[in-house]
Structure formats: structure tokens, C-alpha cells
């Protein structure tokens with residue numbers, strides 16, 4: 001199989017939406033029957049995003065094989081059926097780490113290690129490895145053309161055209177075409193200068209994606225084509241839209257997929273975008289709306305909860321309901337009380353780390369339990385629900401997690417020190433373990449209890465869900481919690497770790513140790529989120545009576 005490569009770069013400014021554009025194009029190509037995958041190359045020095053602040057970087061997206069990756073991989077999985085893996089995302093830090101390890105081992109036989117060829121060769125090797133067994137691989141280069149950090153990646157993809165053949169490589173460049181209100185026209189000069197910067201590196205773009213708040217007029221597209229040495233049909237206008245799921249149809253309407261298939265000599269049928277048309281129809285035709293409060297500590301940057309927010313929207317599609325998400329700082333709950341939680345149809349507490357804001361989350365879980373408000377807890381959201389239950393129902397007033405109070409009287413949540421991974425290998429951790437790459441990560445088997453709400457939502461006895469955490473329910477105290485009314489609705493594959501808890505006396509109270517948001521998609525949704533939104537609609541109807 002010959003793999004074709006589409007390299008996606010961005011210019012003028014950051015945050016143009018390279019990831020969304022790449023994912024949308026991949027969705028069209030997949031709809032034409034092609035085997036497609038997407039890679040993200042990040043120029044920062046961190047080995048991976050696992051220890052980066054969510055406020056700076058946004059969420060860490062966890063793949064099936066346990067890689068902690070850029071949030072763009074979440075977009076990729078939401079747009080195409082191909083599952084991402086650790087091969088789909090790597091950083092400058094990872095490349096340098098690998099090269100230096102080989103140098104220390106003596107693999108380079110005493111050679112002087114340089115950016116060219118050693119770093120660029122390592123980048124190319126990873127790109128080729130990630131694209132194996134695929135018809136098309138889209139490779140998104142993080143950052144903006146002109147950044148010093150991106151230069152090794154740009155040099156590597158320039159060399160790729162020489163090594164795999166220009167007929168199997170295509171350079172797609174996203175650029176800003178701003179609208180000037182004073183003159184009433186769009187300006188193409190920033191695009192011209194961005195392309196000039198790429199040309200100075202040795203890369204001639206084949207496709208230009210022109211980002212603007214409005215459609216770029218045909219005469220301006222012709223001007224861009226002339227000055228940037230790109231066919232006019234390869235200058236694509238990508239205006240702002242109210243839903244990212246409209247972008248595949250927008251790109252297809254301008255013939256981008258046809259142009260690329262002809263460029264690569266691929267003979268494939270027309271794209272069937274009927275599934276995306278259904279998604280857009282569901283978005284545009286809700287029969288009602290609900291308000292769900294998401295209580296967290298990173299709400300200053302909503303991208304810190306990107307997959308959770310998208311999963312709630314997907315659940316809205318499945319229930320034909322518009323989901324209004326109210327972001328609530330858990331510290332505000334501590335200082336202002338549960339009054340700020342009123343008028344919510346459901347409550348969700350997502351994952352997180354550290355003690356800041358935890359007591360506000362515990363108050364939130366208590367409020368949801370006592371007021372019979374639908375509740376979904378994820379990771380830390382399950383742990384705070386457990387702590388709240390232990391304190392106020394099971395009579396364990398000093399209950400806590402050893403993450404927050406190491407010597408607490410009732411450590412209902414404690415550090416996992418030993419477990420088996422998905423391959424059966426024993427993993428061990430301690431309080432002294434490094435933070436990076438030392439959590440229980442990736443897709444894990446979960447057995448659902450026969451009489452549980454979770455079993456009825458999933459419709460099957462065993463499921464696979466993704467994890468990212470160090471702390472677990474302390475089984476030593478579990479019997480006391482169960483005798484007080486707690487139900488364990490899901491166990492790990494070896495039946496040793498609690499994965500889901502429920503409160504049978506509550507209309508809808510589910511909390512999971514895993515992260516269900518990572519497997520939700522606009523076309524399929526996710527059972528837990530769909531169940532939460534449905535329960536929110538039912539709660540709203542009861543409250544209005």
C-alpha cells in the first residue's frame with residue numbers, strides 16, 4: 001500500500017483551527033471509502049502534555065493505548081472512525097529524548113548529533129510509522145510558520161516530499177484573511193507573506209485554506225492564487241460557522257476532496273456525508289433545552305474540559321435537546337454556598353487534580369444527592385461523591401482521599417500502588433513516583449452489575465473505557481459504604497477496582513472512575529452522557545409541575 005501524506009501548517013496567527021480543518025477533511029476522505037488517520041506534531045519541549053497545566057494547554061486527551069496527548073486528537077476521533085494511539089502525537093521533547101537515549105546507548109557510533117539529519121530523520125521515521133497501512137495520513141504541524149520551534153518539523157516535511165515522492169505529498173496551509181471594516185474588504189497581504197515564509201523554507205503550498213469571519217470573494221481568491229502560485233480551485237474559503245460539524249460539507253462544496261483525490265491519483269466514490277447531515281439536522285431542530293452545571297476548577301479555560309463539553313452536546317443531539325452548559329468554579333461553591341447551583345437540571349463534576357476547590361465539589365455532590373438532581377461524576381467527580389457519601393450517609397465524618405489528607409481517619413480514596421494493565425503486566429506506583437506517565441492510563445475492561453443503571457444505559461455486560469488517574473476507591477472501607485446504601489455498579493476486569501458507583505435511592509446518580517468523554521462522538525454519542533441529558537429533561541418536567 002502506498003501512503004499519501006497531507007501536511008497541514010498554519011500562518012499569520014495561531015488558533016486558526018488547523019485541527020478542525022484537518023479532521024473535517026479526513027472525515028470527507030473517510031466518507032469516500034479511504035483509510036485515513038491524522039497525526040499531530042507539537043513543537044514544545046515537554047515530552048507529552050501529561051504534566052502541563054490545563055489552564056495553559058487545555059485538556060489532555062487519552063488514547064486507547066494510554067498515551068497522554070494533545071486535545072486535537074479528541075477532535076480527530078470525533079470526526080473519523082479511526083482510533084488514535086501514541087503514534088498519532090509526538091513532541092519536540094519526545095524526539096530529543098529518543099535521540100539522546102540512542103546517543104547514550106552508542107547507536108550513532110560516535111557521530112556528532114545534529115538537528116539535521118538526526119532530529120529530522122527521527123521526525124520522518126515517526127511520520128512514516130504513524131501512517132503505515134493507511135491510504136492517507138494528515139499531519140498537523142503545531143504552532144505558526146515563522147516560529148523557531150517549528151523549524152525542525154518543517155524541514156522534515158520538506159524532505160518527505162523528496163523521499164516519498166512529490167506525487168504522494170501535499171502541503172495544505174491555513175492562513176488568516178482578515179476583514180477590514182473601515183475599507184469594507186478582506187485583505188490578502190498577510191496570506192501572501194505567510195506563503196512567502198513557507199517558500200523560504202522550501203515548501204510550496206498546494207492548497208490554501210483561507211480563514212475569515214465571512215466567505216472570501218472569488219476575485220480575492222483569484223488574487224491569492226496568482227500571487228501564491230496555487231491553482232484557484234485549491235484556494236478554499238473557510239468562514240466562521242456556528243457548528244464545527246458543518247465544516248466537512250463546506251469543504252466538500254468547494255471541491256477540496258476531489259482536488260486532493262485527483263492530485264494523489266485516487267479512484268474512489270463520492271463522499272457520503274449523510275451521517276453529518278443528520279448531525280446538523282439534530283442540532284438545528286431541538287425539541288427543548290436543559291441546563292447542566294459543570295463544577296470544576298479549570299473553568300477559566302473551557303478547553304480544559306473540551307471532550308466533556310463536546311460529549312454533553314453530543315448527548316443533546318441524541319435527545320433532541322439543546323444543552324446549555326453553565327461553568328461553575330468549585331471555589332465559588334465553597335465561598336458562596338450551594339445557592340449558585342439552583343435552577344440546574346443536572347450536575348456534572350469532571351476530573352481534576354489537587355486539593356484546591358475539592359470541598360466545593362463535595363458540597364456540590366451533597367446538594368445533587370439531597371435534592372435528587374441528576375448527577376454524573378467523572379474520575380475525581382466519582383471520588384468526591386464517595387467522600388460526600390461516606391461523611392454524610394455512612395457516618396464517616398473525617399472521610400477523605402489520601403491525595404488531599406494523607407493521614408485522614410477514613411481514607412475512602414487512596415493511591416493505587418499495584419494493578420495489572422490491559423496486557424496483564426503488573427504496574428507499581430508510590431507517593432515518590434514521578435508525575436509524568438505514571439498513572440493508570442488507557443482503555444480498561446469494566447464488568448457491569450446486572451441490576452445497575454449503568455448496565456441498562458450501556459445495554460451490555462462488559463465495556464471498555466479510558467482511564468487517567470492515580471487514586472482509587474479503598475476496598476478496605478467498601479463494605480461499610482455498601483451497607484449504608486452505596487452500589488458498586490462496575491468493577492475492573494480483575495474485579496479488584498471499583499469503576500462505577502450509584503445511589504439506588506436517587507433517581508439518577510452515576511459516577512465513574514474512568515473518563516467516558518473520550519469515547520463520545522457526534523454520530524454515536526455516549527450512553528452515560530445521553531442518560532444524564534435524558535434524566536435532566538425528565539427532572540425539568542417534574543420541577544415544572
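Glycine too: its Cβ is placed from the backbone N, Cα and C atoms.
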**Request:** Determine which of 65, 70, 72, 206 appears in Swiss-Prot for the same ATP site as 15, 16, 17, 18, 19, 20, 239, 240, 241.
**Result:** 72
**Asked** Hey, Swiss-Prot has UTP bound by 14, 187, 188, 189, 190, 191, 192. Any idea which of 40, 223 it lists too?
**Response** 223
**Request:** Write down the one residue from 310, 403, 517 that Swiss-Prot lists together with 352, 380, 381, 382, 383, 470 as binding L-glutamine.
**Result:** 403
**Asked** Which value in Å gives the longest Cα to Cα span across the UTP site residues 14, 187, 188, 189, 190, 191, 192, 223 as recorded?
**Response** 24
**Request:** Might you list, by sequence position, any residue in that chain lying six or more from residue 188 (UTP binding site) with a Cβ less than 8 Å away from its Cβ?
**Result:** 177, 220, 223, 224, 227
**Asked** If we check Cα distances from residue 192 (UTP binding site), which of the binding-site residues 140, 381, 383, 470 wins as closest?
**Response** 140
**Complete:** If you rank the binding-site residues 72, 140, 403 by how many other Cβ atoms lie within 10 Å of their Cβ, the lowest count goes to 403
**Prompt:** For the recorded positions 189, 470, 515, which Cβ has the most other Cβ atoms within 10 Å, all shown protein chains included?
**Reply:** 515
**Request:** Starting from residue 379 (active site, nucleophile), work out which of the recorded positions listed here (14, 148, 515, 517) have their Cα within 10 Å, and give them in sequence order.
**Result:** 515
